[in-house]
Every structure is written in structure tokens, then in C-alpha cells.
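The annotation transmembrane segment is assigned in TrEMBL to 6-28, 35-56, 68-84, 91-110, 130-152, 164-184, 199-217. The domain 'Cytochrome c assembly protein' feature in TrEMBL is assigned to 84-220.
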Amino acid sequence: MITWNDFGLFAVPAISLWFASAITAWAGKKHTAPVLLDIAGICIYAAFIIGLWAGLQRPPLRTMGETRLWYAFFISICGLATFLRWRYKWILFFSALLATVFTIINIAKPEIHDQTLMPALQSPWFIPHVTVYMFSYSVMGCAFILAVAGIIRRDAGFLPTVDNLVYAGMSFLTFGMLSGALWAKEAWGDYWSWDPKETWAVITWGIYLIYIHFRIYGKQNSRFA
């Protein structure tokens, strides 16, 4: 049975493979090597998540430590997908770096104090809502990294890629909100209650919606975007 005590045995090899992937990409090797190394790291991380899920007998989505586990997993997938689609070699390094930050925090403070799921979380909407939300934020995180790179380099050529990532992230974010509303209706009898999480979810969604509309109707001002 896999527990949090085994996390380091999986995390260290996965992180090592992700950085090895970034290094081989920077070294100008063929794309096959960095891709295979990155996939190997993702598979190791996925093996721990699956094993932990089986050991806990519930989805590992309850605590902050478990949430960080998924963020590290998804950000590595998004980094690899961005590399495969647009061949930005440096994105592999930054995705590995972000995954490492989440992983180190988890090793230092896994937050395993609460292992049970409250009745409201024992819903079929729980897993798709939380995982889709975390994946959307990982995609948006990659978009943010590319946008910062574009600002630093004064290169507007990154914007089409940022746009595509935001469109994808916005789709997942919207599905996450809708599934969350259905979950809230099932668990608490109301689709929306404007608690802090819901309020900030709407604010985040609205900001990205403004960005999308600005890019569609105001492309001439790429620096402001």
C-alpha cells in the first residue's frame, strides 16, 4: 500500500526526469529524448497518485497537500503539451521548476491531518469539478509564463500561443464552474451562494473573459494584452 511516506521515492525520480528533459531540450538534442524523459516523469508521478488513491480508498483531493500533488502533475503535462505544440524549449524548465516547488512543499508539509471525506464531498461531481479546475489553472499558469517571457523579451510573437492556451484554459475553467454549481445544488440545495471561493472564481473567470474579448476586438494593442 502506497502512503505519503513513500512520496519522496516517487517525487525525486520524477523531478529528476523532468529536469533531465529540460536539459536535453536545451542541449539541442532530438525532440524524442526530452519528450520520453518528461513522459517517464509524468508516469512515475501518476503511479504515486494512483497508488495513494487506492491506499486512501478515496480520491486524493481533500487536503492542500493533495491539491499541490495534482498541480505538480498537471503543470508538467501542460508544459510538455506546450513544448510539443510550439517547441518552446524553456517551457520544460519552468514547468519542472513549478512542479518542484509544489513537490518540495509537499515533502516538507504534506498536510495529511484529515484523511476523510465529508458527506458533501462524496458526490460524483467532486472529482471532475476539482480536477478540471486544477487542470485549467495549470494551463493558465503556462499562459502566464509565456506572457511574462513575451514582456521580458519585448516579443509580441508569444501572444497567439498565449491566446490558444487561455482559450483552452477558459473552456476547462467554465466546465469547472458549471460542474461546481451542479455539485452545490446537489449538496447544499443552491447553485450559487457567493461564498469567498465562488466569488473569486467568478472574478477570475471574468478577468479571463475580458482578456479574450480584448484580444478578439482589440488586437492592435498587444502590449496591454
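Glycine too: its Cβ is placed from the backbone N, Cα and C atoms.
Just so you know, TrEMBL annotations never went through curation; they're auto-generated.
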Two-stretch contact, the transmembrane segment (130-152) and the transmembrane segment (68-84), at least three Cβ pairs under 8 Å: yes
Long-range Cβ neighbours of the transmembrane segment (6-28) (under 8 Å; 6 or more residues past either end): 34-35, 37-38, 40-42, 44-45, 47-48, 51, 76, 83, 89-90, 92-93, 95-96, 99-100, 103, 106-107, 110
Three-state composition of the domain 'Cytochrome c assembly protein' (84-220), taking helix and strand from DSSP: 108 helix, 0 strand, 29 coil
Confidence summary for the domain 'Cytochrome c assembly protein' (84-220), mean pLDDT rounded: 90
